[in-house]
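Everything below concerns the one structure shown next.
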Ligand SMILES: [Zn+2]
């Protein structure tokens with residue numbers, strides 16, 4: 001295209017954000033980086049408190065003394081630990097996930113609604129975590145030296161099962177999913193689905209505005225349960241078809257390129273590494289927490305020690321996770337440009353995500369923390385695409 005400068009066009013898109021909006025996004029994003037550290041300190045404090053109560057040691061000894069049932073001991077300890085840890089962390093969670101989101105105008109959910117959903121989520125996670133921990137402690141006892149490798153396999157199985165059943169069992173608890181209603185939006189999405197090889201019967205809209213005002217869509221599920229779901233925030237104003245195609249084209253990229261399977265593969269390797277490191281770091285954390293009455297890593301009462309090490313490794317892994325997802329997000333953008341060919345539609349949608357992800361971070365900040373490429377980089381790539389490709393004819397049925 002003649003006389004079209006991608007750099008100028010990118011700057012124009014970014015200028016559609018007011019200086020106040022940009023400043024608020026920067027404050028929110030920088031604050032979110034710091035939250036990683038504060039959250040780790042909170043989990044360290046919680047681990048310390050739980051060790052101090054001596055409750056887990058008491059439960060473990062009681063069950064083991066009466067009847068030697070290590071599986072039951074680890075299950076009971078894991079349940080009690082998960083509940084205690086959730087309750088002790090709750091004030092922080094309320095600040096981090098509810099109050100702060102409201103403060104920045106990103107959510108309008110009432111505290112009661114948020115708490116209800118958080119409690120349901122916690123109940124599910126407490127049971128699943130307890131089952132996973134029973135398996136992990138059994139592996140530590142049996143496969144002593146190589147437990148970390150086996151444990152990563154079991155974790156992968158839990159993740160895959162979770163991904164498969166999530167759209168069927170978990171997501172409907174929190175939101176109502178309905179097939180996208182008939183009309184131009186649905187027609188455009190179905191046409192794009194046929195073109196890209198995405199199942200066109202699996203395009204859903206959910207009431208995401210209940211929890212968050214974020215302009216967002218996602219692909220969830222795995223194998224037969226995979227589906228594209230768009231938050232109703234995308235349809236608050238009159239839907240712009242170019243924008244919908246740009247966004248949905250991106251989500252279809254995740255689906256067609258099987259990003260979730262790549263992610264599972266990386267998670268298996270990372271969890272093996274994390275468990276191996278946990279095995280090595282456990283004695284150090286044990287000393288730091290002064291967990292004198294707790295045994296070695298095979299002792300389920302040492303769960304707070306184990307959790308502390310894993311939380312620490314989680315902080316260190318932030319750039320690894322960020323880079324993994326950022327790479328896939330860039331790939332999905334590219335997919336959208338190739339198949340939907342809506343650089344302006346995509347840019348328009350991307351600008352809206354700048355309210356919770358500051359658009360122009362430094363390269364270092366983007367590398368360390370950004371799980372999506374920065375809006376500036378994404379819009380620039382869209383504009384570079386626009387400069388070298390003629391506008392497509394959106395297929396209109
Ligand atoms: Zn994406």
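Cβ coordinates are placed from backbone N, Cα and C, and glycine is handled just like the others.
Per TrEMBL, domain 'CAAX prenyl protease 1 N-terminal' is recorded for 16-176.
Proximity of distant same-chain residues to the transmembrane segment (35-59), defined by a Cβ-Cβ separation under 8 Å and at least 6 residues beyond the stretch ends, is recorded for 73, 76-77, 80-81, 84-85, 88-89, 92, 96, 289-291, 293-294, 300-301, 303-305, 307-308, 311-312, 314-315, 318, 369. TrEMBL lists 35-59 (among others) with the feature transmembrane segment.
TrEMBL lists 71-94 (among others) with the feature transmembrane segment.
What TrEMBL lists as transmembrane segment is 114-140 (among others).
The annotation transmembrane segment is assigned in TrEMBL to 147-170 (among others).
What TrEMBL lists as domain 'Peptidase M48' is 180-385.
As annotated by TrEMBL, Zn(2+) binding site applies to 250, 254, 329. DSSP assigns residue 254 (Zn(2+) binding site) to a helical segment in the three-state reduction. Non-local neighbourhood of residue 254 (Zn(2+) binding site): 219, 260, 328, 332, each in the same chain, at least six residues away, with C-beta under 8 Å from its C-beta.
According to TrEMBL, the feature transmembrane segment maps to 260-282 (among others).
Taken from TrEMBL, the feature transmembrane segment covers 303-322 (among others). If one looks beyond the transmembrane segment (303-322) by at least 6 residues along the same chain, the residues whose Cβ comes under 8 Å of a Cβ in the stretch are 36-37, 40, 43-44, 46-48, 50-51, 56, 77-78, 81, 85, 133, 270, 274, 277-278, 281-282, 285-286, 288-289, 291, 294, 297, 367-371.
Cβ neighbours of residue 333 (active site, proton donor) (same chain, under 8 Å, six or more residues apart in sequence): 250, 253, 346, 373, 378, 381, 382. Under the DSSP three-state reduction, residue 333 (active site, proton donor) is assigned to helix. Positions annotated as active site, proton donor by TrEMBL: 333.
The Cβ of residue 329 (Zn(2+) binding site) has 371, 372, 373 as same-chain neighbours under 8 Å, each 6 or more residues away in sequence. The Zn(2+) site is set by 250, 254, 329; from the centre of their CB atoms, other residues of the chain with a CB within 8 Å are 219, 251, 253, 259, 328, 331, 332, 333, 335, 336.
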